[in-house]
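A.B. asks: Encoded as structure tokens, here's the structure I'll be asking about.
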Amino acid sequence: MSNNITTLPTLERSQSDTSEWTTDAEKGAVKHIDHSNVDVPQTISEDDEGPNVGMAAYEQSKSLGEITPEQNKRIRMRIDFLLLPLFLLTQTLQYLDKTALNYAKVFGMEKAMGMSGNQYSLGAAIFYIGYMIAQPGWSYLLGRWHAGRVLGFSAFIWGFTVLVMVWSKNFTHVMVTRFFLGVFEAAVTPGLSLMTGWWYKRDEIPLRQTIWYSAVGWGGMIGSLMAAGISKMDDHPTPRWKLIFYVLGSVTMALGIALYFCLADGPSTAKWIKKEDRPAAVARVAQSGVGLKTTNFNWTHGFQALKDPKTWFLSIAMFGSSVPNGVLTNFSGTIIKGLGYSTFNAALLDCAGRSLQVISLLIAGLVATRWANTRLLMMTVGNLTCVMGTAMMSFLPFTKHYTWARLIGFWLVNTQSIGFTIGLVMVSSNIGAYSKRVVTSSCIFVAYCVGNIVGPLTALDSEAPRYQTAAYCMMAGYILKTICHGCLWVYMWRSNKTRDKKYGPADPVLSADNGMKGMSENENIHFR
């Protein structure tokens, strides 16, 4: 399937007996013949939206003719140019701020706070308790209110919370600050994942989501290089661990201001998309059959999510991947340093591993975008690579002879982000009705938080620097994740076959209409 041509209705269709849709099969585009002289408004304001965001623009698009390949490309490039960098920067800073504790530990924060035993692990874990409590609320607010303003407010406050870490005096202060950092960062990854589905067609989402989520790799590299640079600094009156929080907190607060004023709520009201292109920008997304968002929460759809096997396969898989993620996020520098490298070299070697994370994500996104029905295949490849990497960490002797082999195994684990990221793509492209997506996303991120809470606790202080228990738990988590994604694959394949047999071929026109009306994928019999 070409990604350069947008087809809206593909079947002949009448509309109010005054106009009709016809298909130009050779061009792969849709011509709309308008037999009425209705004066169509050119601008849709936020007040015109109603509870189903984008619906007014979608209805308007039906009277504006075909979306040409050139127009489709122009709209997509405009969104890519202005939205993706903002998403990438936001996710990068979120990752850096979350993992700053990892680098601060290397530069003596643990000693300065008088922390001992597993207190560092508890400080890392409590972030996810705050995250877990706050995340459902943020997802609701992003739907209920202007998403850019909600995310901007969140970023500004979490940036300030990073700065507050500088004034911490003891373990209690660290715990409180980390908890609130989790509360305010909880808007980011779930929010950006939901928002990606507001802007892109289903076949465009995998690559875009892997691009902005490659921020975890870029953030890891930036953090490693920052740590390497600080390690080479001459003596400074400010403790080195404090410099990390000063820099990151200030930059994040500035980002919050930019998000508040620059991030649009969706393509129907984005001022940086031409007025005449906004209805088409909405119509592009409507093809996915899942709609954009609704400002009113639908409890029926929320309960549907809790009964949907897709929700639980994705959530259990997320828990499986988050246990090892909790170890990697907070102990990567310590683990590499424990192999016998200096602080400077450990930072550079961690940076090398993060580059594999970026490369693997982009390759997976390109493959899943170029070839249909390969998303779960890419997830499985990433999962099996992680199983192999953790097996090397678990079973190779902890001797100098195997240092490089253990390091390579540790690097391979960075491919875990493939399953994480494309798992979120499954929500934005396969779950209809915004309320259902919010609940599904919340379940997944609760599992994410629980896994990240458990992960650091498996890195027993008495087992440093090998962390044998953590290595075993990481491998077990990846095996669980692989099994769940395999079950999801079978379930979705059977669901499509059952629908084809029961309802016949799907009508893409009705699928788009039903999605924009707020139907869930269960209610929308034309969804596949």
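Note: Cβ is positioned from N, Cα and C throughout, glycine not excepted.
Annotations per TrEMBL:
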| type | residues | note |
| --- | --- | --- |
| REGION | 1-22 | region 'Disordered' |
| TRANSMEM | 79-96 | transmembrane segment |
| TRANSMEM | 116-134 | transmembrane segment |
| TRANSMEM | 146-167 | transmembrane segment |
| TRANSMEM | 179-199 | transmembrane segment |
| TRANSMEM | 211-231 | transmembrane segment |
| TRANSMEM | 243-264 | transmembrane segment |
| TRANSMEM | 376-398 | transmembrane segment |
| TRANSMEM | 404-426 | transmembrane segment |
| TRANSMEM | 438-457 | transmembrane segment |
| TRANSMEM | 469-492 | transmembrane segment |
A.B. asks: Given pairs 6 or more apart, does the transmembrane segment (146-167) have at least three Cβ pairs under 8 Å with the transmembrane segment (469-492)?
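C.D. replies: Contact absent: fewer than 3 Cβ pairs fall under 8 Å.
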A.B. asks: Ranking 79-96, 243-264, 376-398, 404-426, 469-492 by Cβ pairs under 8 Å to the transmembrane segment (179-199), which is first?
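C.D. replies: The stretch I would name here is 79-96.
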A.B. asks: Determine which residues of the chain contact the transmembrane segment (404-426) at the Cβ level, with the cut-off under 8 Å and only residues 6 or more beyond its ends counted.
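C.D. replies: The answer is 189, 193, 205-206, 209-210, 213-214, 216-217, 310, 314, 317-318, 321, 324-325, 328, 332, 335-336, 339, 349, 352-354, 356-357, 360-361, 364-365, 368, 375-376, 378-379, 381-383, 385-386, 388-393, 396, 398, 441, 444, 474, 478, 481, 485, 488.
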A.B. asks: Near the transmembrane segment (469-492), which same-chain residues lie under 8 Å Cβ to Cβ, leaving out any that are not at least 6 residues past its ends?
C.D. replies: 309-310, 313-314, 316-324, 327, 331, 376, 379-380, 383-384, 386-387, 390-391, 393-394, 413, 416, 419, 423, 426, 430, 451, 454-455, 458-460, 463
A.B. asks: Which listed range (79-96, 211-231, 438-457) shows the maximal number of Cβ pairs under 8 Å with respect to the transmembrane segment (243-264)?
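C.D. replies: Answer is 79-96, with the largest number of Cβ pairs below 8 Å.
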